[in-house]
Amino acid sequence: MAEKTDLPVILGHNLWGTLTPHFGSDLHHHDVADGPDRIYMDYNATTPVDPEVVRVVTDALTEAWGNPSSNYLPGLKARDIIYHSRDTIARMVGGKAADIIFTSGGTEANNLVFHTAVEHFRKSKNSAEGGTNSKQLNGSGSLPHIIISNVEHDSIKLTAKHLLKEGKADVTFVPVSKVTARVEVEDVIAAIRPTTSLVSIMLANNETGIIMPIKNICQRVREVNKQRAASAPKILLHTDAAQAIGKIRVDAHELGVDYITIVGHKFYGPRIGALFVNDPGTTTPVYPLFFGGGQECNFRPGYDMVYCVMGFHAAELVSSNLAEYEAHFLDIRCYLEQKLLVSPVSQTFCMTCCYVGAAGGKILTICMT
């Protein structure tokens, strides 16, 4: 690859701004320098908000401040913004507007899925108890069984551990391969029990960038679902796609999942979340975590923060420019890998370099010199 200078930057504003320490701030304890010359390299944690997103959010704050349930002009504008954002996000993941439930973030979306899986199992069990096949459902215990990987985000891992500690679910933590760093399909299938109610595996890992074989896992689990007795609960399929959306193409129906977690601040939007559910309440169950005014079809009540929902305008930018973004990210990644002079692990998404074993130590040595 030829020597490169002046690599293009997607966002043209100063990402750092002016750092003003406040009382109790960690800035008092670190030598942090101001200035635009710093390079931000923590995009897997969060991205700066795109200037176009800032503009549309600002417009929403001033023009669409009304109650979306009202019929006067500011309320109608707010309602229109919510619908448009819902439709935009749905198209980004290959769904329809009715499949999108807005949440406060990825953590709430993930918790909603796990709560739903437990409730769905309980209701399925209660329905089966009067039937002749109820013993098959309860043959391996009366608790729902959940399968996750051992490298999930804490909003998955700690939720599963809480359910396990509280005696509300059994959980299997499937380890990733020591060779590929991926979850192996056969390991997931081998972990399935008669009481398995949910399989939740992230689409791309936030630390390694490894892309998990979600499509293959879903295909195999659906085969298991077809062979299950009518009294057994359906195994629900969820992927936390926070790290993948905005970097690679994500299509819910191609993957075969029931749920996808979407996080706005991972692709140049504000800190807001959404949950894709395949035909919520009809094909795929959703049980609310709390109750209120009936927003989000009663699946997630509470008035939508219209200005944050409008921030999902970032999804429109992703849908329109994904091929260009991905090519740009890959170009930069390849350039970095060439300069590091170490071969990375393959099958990572475009924004992450992954090295294992002695390679990690070699890279640190190169960086220090």
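Glycine too: its Cβ is placed from the backbone N, Cα and C atoms.
Residues annotated as domain 'Aminotransferase class V' in TrEMBL: 39-124, 145-294.
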Can you check how the pLDDT averages out over the domain 'Aminotransferase class V' (39-124)?
-> 90
Could you put numbers on the helix, strand and coil content of the domain 'Aminotransferase class V' (145-294), residue by residue per DSSP?
-> 39 helix, 37 strand, 74 coil
